[in-house]
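Novice: From TrEMBL, here are the annotated features:
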TRANSMEM  62-84  transmembrane segment
TRANSMEM  90-123  transmembrane segment
TRANSMEM  135-157  transmembrane segment
TRANSMEM  206-225  transmembrane segment
TRANSMEM  255-276  transmembrane segment
TRANSMEM  288-310  transmembrane segment
TRANSMEM  400-419  transmembrane segment
TRANSMEM  425-445  transmembrane segment
TRANSMEM  466-488  transmembrane segment
TRANSMEM  494-515  transmembrane segment
Amino acid sequence: MPLNPIESIRSPIRTRISAIKSTQSVIRNINAKNVVGDEKLLAEIGYKQELKRTFSTWQEFGIAYSIMGLLPSISSLTGTGYTAGPAGFLWSWFVSSIFILSVGISMSELASAIPTSGGLYYWTFYYAPENYRVPISFVIGLSNSMALCAGLVSIAYGNSEEILAAVYLTKDGDFDITRGKIYGVFAACVLAQAICTCLSSKHVAWLQTVSAIANTGLIVIYLIALPVGTSKNLHHFNSAKTIFVEVQNYSNWPIGFQFVLSMMTAVWTIGAFDSCVHMSEEARNASFGVPIGITGSISFCGVVGFFIILCTNACIKKDQIESILNTDTGFPMAQIIYDSLGRKWAIALMSLMSVCQWLMGSSILTALSRQVWAFARDNGLPFASFVKVVDKRLKVPIRAVFFASSVGLILGCLCLAGSAASNALFSLGVSGNYLAWCTPIFLRLTSGKRRFNPGAFYLGHLWSQVNSWITCLWGLFIICICMFPSSIGVTKDTMNYTCAISCGVWLLSAVYYYVYKYKYFHGPCSNLSPEDALDVDDAVPVYQEKNEDLEQKED
């Protein structure tokens with residue numbers, strides 16, 4: 001009897017799914033409010049304490065704030081913002097900031113309930129439907145890791161552009177900025193950041209304080225110096241109409257859609273706040289400190305970023321915006337500062353921005369290494385048994401640091417292919433993160449709504465639901481928007497390849513899991529010894545959940 005071709009495809013898939021279900025990890029009953037102490041809560045989540053808890057709530061805020069690196073990040077994306085004109089730049093930032101805060105609040109609720117370095121992929125596994133929780137968790141874990149790695153590359157790449165722009169100004173334009181030079185400076189930045197990140201947890205925590213102070217000091221200098229220089233050298237400021245009302249279009253998209261694309265400045269800048277989540281196992285009072293770090297950094301950067309753009313709008317030469325966007329320095333903000341303050345001040349401020357952006361890179365590499373380490377701990381990465389080892393003396397995942405740095409250096413090679421490839425790589429940081437952020441939030445609202453036990457940070461049932469649905473819709477919107485090219489009538493050099501790269505990463509992650517990694521990754525797996533285990537009787541095997549649900553209904 002001939003085989004049904006459809007059945008011949010379905011049969012091995014069913015067999016593989018059955019094999020995955022039979023080996024997947026247990027779902028643990030986690031209620032942060034019933035546990036006293038970070039280590040006991042971590043044990044209830046399923047892990048032993050391997051890293052030192054040295055991060056205060058301020059330093060949790062500091063790592064996210066440092067990665068956002070407000071002024072350097074806005075400077076790197078000034079060209080994107082001003083394609084909608086001064087007012088378009090200002091209000092697109094304002095609108096985006098509100099929705100980004102919504103994402104942060106939703107993430108904070110999950111982080112308060114289950115504070116672990118694995119965060120996003122752990123929550124995905126915890127709230128996902130039984131049949132799909134392991135593969136979805138794997139894709140989210142890999143997507144989050146790749147997105148953070150893309151964030152490291154984009155920060156270091158922008159850092160190299162800032163350094164070379166300062167050199168260009170120093171030499172009065174007698175300097176060629178080539179892609180080879182950009183990559184060389186980029187590689188040097190990443191290697192220096194890797195060495196710095198291998199310091200003890202105490203010193204890395206201290207570095208976040210230094211970075212937060214440095215970034216704040218830079219912002220204060222900018223907000224004072226730029227208006228003073230404009231008043232002295234240009235003798236006038238732009239009108240309130242120019243700053244707040246006039247929306248101009250410097251692309252060939254319709255102005256409404258260009259306004260939407262300008263939102264990407266805020267989306268990229270106020271990002272990577274999940275870094276607080278990845279530092280959960282080094283945070284003191286994590287159920288409280290991590291949410292405050294997330295929401296505090298988003299709120300502060302949203303407000304201060306608005307005033308930075310407001311100040312820049314007042315000082316920019318409004319009749320020369322198009323030439324500023326196409327400046328020979330390759331860095332529009334450098335040209336804006338040069339016009340208002342002159343060469344020496346421009347060099348000084350660009351140099352300070354370069355230092356702050358280097359600190360940004362160190363901070364995101366710290367968070368990335370903790371995500372990589374956590375995912376390797378659960379056997380989710382290649383070479384997991386090697387990567388997950390923690391240095392016994394420093395209590396730092398040094399191998400994860402250099403693994404993440406090596407992947408970053410390899411990804412950075414794409415930047416040599418041209419601006420289209422580098423822009424797609426940077427957008428991967430946005431699309432990959434938003435997928436990883438919004439998936440567990442969506443699952444918590446749907447399949448996992450009965451399993452969610454709120455922690456110390458919670459809006460209450462109604463407002464939490466409303467805010468989380470807004471988060472999911474915003475996340476879907478941003479994932480779609482970051483796939484669009486910057487102009488109509490694309491060529492191979494102006495095409496946005498984010499769709500190909502992002503979807504390729506997600507598809508290959510799923511294929512890699514079903515073909516090979518299913519043998520090793522079974523979801524978050526406890527590393528507690530019998531002596532360390534707490535409340536192990538509360539761990540509920542996945543396969544029992546449906547039966548228990550039925551029993552509860554019958555009762």
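Numbers here mean position along the shown chain, with the first residue as 1.
Each residue, glycine too, has its Cβ placed from N, Cα and C.
Remember, predicted model here, so these are calculated numbers, not experimental data.
Could you place the listed features in the three-dimensional structure?
Specialist: Only residues 6 or more beyond the boundaries of the transmembrane segment (62-84), in the same chain, are considered here, and those with a CB under 8 A from a CB of the stretch are 55, 92-93, 151, 155, 158-159, 161-162, 208-209, 211-212, 215, 218-219, 222, 247-251, 255, 258-259, 261-262, 264-265, 268-273, 275-276, 279, 293-294, 297-298, 300-301, 304-305, 308-309, 312, 316, 321, 324-325, 331-334, 336, 353-354, 356-357, 359-360, 362-364, 366-367, 486.
Beyond the transmembrane segment (206-225), the same-chain residues lying 6 or more positions past its ends with a Cβ under 8 Å from any Cβ of the stretch are 55, 58-59, 61-63, 65-66, 69-72, 196, 199, 304, 307-308, 311, 341, 345, 349, 352-353, 355-356, 359-360, 362-363.
Outside the transmembrane segment (255-276) by six or more residues, the chain places 60-61, 63-64, 67-68, 70, 73-74, 77-78, 80-81, 83-84, 88-89, 91-93, 95-97, 100, 104, 107, 111, 119-120, 144, 148, 151, 154, 247, 249, 283, 290, 293-294, 297-298, 301-302, 305, 363-364, 366-367, 426, 429-430, 433, 436-437, 478, 481-482, 484, 486 with a CB less than 8 A from a CB of the stretch.
If you look at the transmembrane segment (288-310), the same-chain residues 6 or more away from its ends with a CB under 8 A from one of its CBs are 55-57, 60-65, 68, 70-71, 74, 81, 89-90, 93-94, 97-98, 100-101, 104-105, 107-109, 111-112, 115, 219, 222-223, 243, 266, 269-270, 273-274, 276-277, 279-280, 455-457.
Using a Cβ-Cβ cut-off under 8 Å and counting only residues 6 or more beyond its ends in the same chain, the transmembrane segment (400-419) has close neighbours at 148-150, 152-153, 156-157, 179-180, 182-183, 186-187, 190-191, 193-194, 197-198, 365, 368-370, 372-373, 376, 381, 383, 387-388, 425, 493.
Same-chain residues lying 6 or more positions outside the transmembrane segment (466-488) and placing a CB less than 8 Å from one of its CB atoms are 80, 83, 99, 102-103, 105-106, 109, 251-253, 260-261, 263-264, 267, 423, 427, 430-431, 434-435, 437-438, 441-442, 444-445, 459, 494-496, 498-499, 502.
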Novice: Residues of the same chain, at least six outside the transmembrane segment (135-157), with any C-beta under 8 angstroms of its C-beta?
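Specialist: Long-range Cβ neighbours of the transmembrane segment (135-157): 20, 67, 69, 118, 120-122, 124-125, 128, 182, 186, 189-190, 193, 268, 271-272, 274-275, 357, 360-361, 364-365, 367-368, 371-372, 375, 378, 380-381, 404, 407-408, 411-412, 415, 422, 425-426, 428-433, 435-436, 439-440, 443, 505-506, 509-510, 513-514, 517-518, 521, 523-524.
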